[in-house]
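So that you can see what the record holds, here are the features copied from TrEMBL:
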- 39-74: domain 'EF-hand' (DOMAIN)
- Asp52, Asp54, Ser56, Tyr58, Glu63: Ca(2+) 1 binding site (BINDING)
- Asp91, Asp93, Asp95, Lys97: Ca(2+) 2 binding site (BINDING)
Amino acid sequence: MSLTSILSADDIQNAIKDCEAPDTFCYKKFFKLCGLSSKTPKEVKDVFQILDEDNSGYIEHSELKFFLQRFIPSARTLTDAETKSFISAADDDSDGKIGVDGWYLVSHKKISMWAEMILLVGLRLSWWK
(Lines of atoms letter the chains of each structure in order from A; the text may use other names.)
(Lines give C-alpha, C1' and ligand atoms only; values in the text may rest on other atoms or scores of the structure.)
Protein backbone atom coordinates (compact mmCIF):
# COMPACT_ATOMS: atom_id res chain seq x y z
CA MET A 1 0.00 0.00 0.00
CA SER A 2 1.21 3.50 -0.78
CA LEU A 3 0.20 6.96 0.36
CA THR A 4 -1.13 7.73 -3.13
CA SER A 5 -3.52 4.81 -2.87
CA ILE A 6 -5.19 6.71 -0.02
CA LEU A 7 -4.44 10.37 -0.79
CA SER A 8 -4.42 12.22 -4.10
CA ALA A 9 -0.95 12.83 -5.56
CA ASP A 10 -2.01 16.40 -6.46
CA ASP A 11 -3.23 17.05 -2.91
CA ILE A 12 0.04 15.70 -1.50
CA GLN A 13 2.03 17.94 -3.85
CA ASN A 14 0.00 21.01 -2.77
CA ALA A 15 0.47 20.19 0.92
CA ILE A 16 4.24 19.79 0.49
CA LYS A 17 4.49 22.99 -1.54
CA ASP A 18 2.68 24.90 1.21
CA CYS A 19 5.41 24.12 3.73
CA GLU A 20 8.56 24.23 1.60
CA ALA A 21 10.29 26.84 3.73
CA PRO A 22 11.74 25.77 7.10
CA ASP A 23 9.51 26.45 10.12
CA THR A 24 6.35 26.81 8.00
CA PHE A 25 4.94 23.32 8.63
CA CYS A 26 1.54 23.29 10.31
CA TYR A 27 0.16 19.79 10.78
CA LYS A 28 -3.47 20.98 10.77
CA LYS A 29 -3.06 22.74 7.44
CA PHE A 30 -0.96 19.90 5.99
CA PHE A 31 -3.58 17.28 6.89
CA LYS A 32 -6.33 19.42 5.42
CA LEU A 33 -4.43 20.14 2.19
CA CYS A 34 -3.38 16.53 1.59
CA GLY A 35 -6.91 15.32 2.36
CA LEU A 36 -6.11 13.22 5.42
CA SER A 37 -8.48 15.18 7.66
CA SER A 38 -11.44 13.99 5.59
CA LYS A 39 -10.49 10.30 5.54
CA THR A 40 -12.12 7.47 7.46
CA PRO A 41 -10.57 6.09 10.64
CA LYS A 42 -9.35 3.04 8.68
CA GLU A 43 -7.69 5.20 6.02
CA VAL A 44 -6.03 7.35 8.69
CA LYS A 45 -4.78 4.18 10.40
CA ASP A 46 -3.44 2.91 7.05
CA VAL A 47 -1.50 6.16 6.57
CA PHE A 48 -0.17 5.84 10.12
CA GLN A 49 1.06 2.31 9.40
CA ILE A 50 2.83 3.46 6.23
CA LEU A 51 4.61 6.23 8.17
CA ASP A 52 5.52 3.91 11.06
CA GLU A 53 8.64 2.67 9.29
CA ASP A 54 9.84 0.31 12.03
CA ASN A 55 6.33 -1.11 12.64
CA SER A 56 6.62 -0.33 16.35
CA GLY A 57 3.05 0.96 16.59
CA TYR A 58 4.39 4.46 17.16
CA ILE A 59 5.82 7.29 15.11
CA GLU A 60 8.95 8.43 16.91
CA HIS A 61 10.98 11.63 16.58
CA SER A 62 13.37 10.05 14.04
CA GLU A 63 10.48 8.96 11.80
CA LEU A 64 8.63 12.25 12.16
CA LYS A 65 11.68 14.32 11.21
CA PHE A 66 11.48 12.75 7.73
CA PHE A 67 7.68 12.90 7.63
CA LEU A 68 7.43 15.12 4.53
CA GLN A 69 9.90 12.94 2.63
CA ARG A 70 7.61 9.95 3.11
CA PHE A 71 5.06 11.82 1.01
CA ILE A 72 7.54 13.15 -1.58
CA PRO A 73 11.19 11.98 -1.36
CA SER A 74 12.57 15.37 -2.48
CA ALA A 75 10.73 17.26 0.28
CA ARG A 76 12.65 18.86 3.13
CA THR A 77 13.01 17.44 6.62
CA LEU A 78 11.07 18.97 9.47
CA THR A 79 13.04 21.26 11.75
CA ASP A 80 13.56 20.18 15.36
CA ALA A 81 11.03 22.80 16.48
CA GLU A 82 8.42 21.55 13.97
CA THR A 83 9.05 17.94 14.99
CA LYS A 84 8.73 18.71 18.70
CA SER A 85 5.56 20.73 18.14
CA PHE A 86 4.02 17.95 16.07
CA ILE A 87 4.87 15.31 18.68
CA SER A 88 3.53 17.37 21.56
CA ALA A 89 0.25 17.92 19.70
CA ALA A 90 -0.27 14.21 19.05
CA ASP A 91 1.46 12.52 22.01
CA ASP A 92 -1.55 11.47 24.05
CA ASP A 93 0.40 9.89 26.92
CA SER A 94 3.58 12.03 27.09
CA ASP A 95 5.93 9.21 26.09
CA GLY A 96 7.56 11.24 23.30
CA LYS A 97 6.00 9.27 20.46
CA ILE A 98 2.76 9.28 18.54
CA GLY A 99 0.38 6.34 18.77
CA VAL A 100 -2.43 5.65 16.36
CA ASP A 101 -5.05 7.30 18.63
CA GLY A 102 -3.09 10.55 18.86
CA TRP A 103 -2.46 10.39 15.12
CA TYR A 104 -6.17 10.20 14.39
CA LEU A 105 -6.95 13.03 16.77
CA VAL A 106 -4.49 15.48 15.21
CA SER A 107 -5.47 14.50 11.68
CA HIS A 108 -9.09 15.29 12.52
CA LYS A 109 -8.51 18.35 14.70
CA LYS A 110 -12.04 19.56 14.01
CA ILE A 111 -13.11 17.29 16.88
CA SER A 112 -10.45 18.64 19.19
CA MET A 113 -12.79 19.54 22.04
CA TRP A 114 -14.07 15.94 22.18
CA ALA A 115 -10.63 14.52 21.53
CA GLU A 116 -9.12 16.40 24.43
CA MET A 117 -11.94 15.25 26.71
CA ILE A 118 -11.29 11.65 25.68
CA LEU A 119 -7.57 12.03 26.31
CA LEU A 120 -8.13 13.64 29.70
CA VAL A 121 -10.13 10.70 30.99
CA GLY A 122 -7.68 8.24 29.47
CA LEU A 123 -10.11 6.42 27.24
CA ARG A 124 -8.90 4.64 24.13
CA LEU A 125 -10.77 5.13 20.88
CA SER A 126 -12.70 1.96 20.24
CA TRP A 127 -12.55 2.11 16.43
CA TRP A 128 -8.82 1.29 16.49
CA LYS A 129 -9.29 -2.11 18.05
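Count begins at 1; order follows the chain as displayed.
Every residue, even glycine, has its Cβ placed from backbone N, Cα and C.
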Candidates Asp93, Asp95, Lys97 (binding-site residues) - the one closest to Tyr58 (Ca(2+) 1 binding site) by CA: Lys97
Spatial neighbour of Asp54 (Ca(2+) 1 binding site) that is closest, considering only the binding-site residues Asp91, Asp93, Asp95, Lys97 and their CA atoms: Lys97
Rounded distance in angstrom between the Cα atoms of Asp52 (Ca(2+) 1 binding site) and Lys97 (Ca(2+) 2 binding site): 11
Rounded Cα-Cα span from Asp91 (Ca(2+) 2 binding site) to Glu63 (Ca(2+) 1 binding site), Å: 14
Shell of the Ca(2+) 1 site beyond Asp52, Asp54, Ser56, Tyr58, Glu63, same chain only (C-beta within 8 angstroms of their C-beta centre): Glu53, Asn55, Gly57, Ile59, Glu60, Lys97
The domain 'EF-hand' (39-74) [mean pLDDT, rounded to integer]: 93
Rounded Cα-Cα span from Ser56 (Ca(2+) 1 binding site) to Asp91 (Ca(2+) 2 binding site), Å: 15
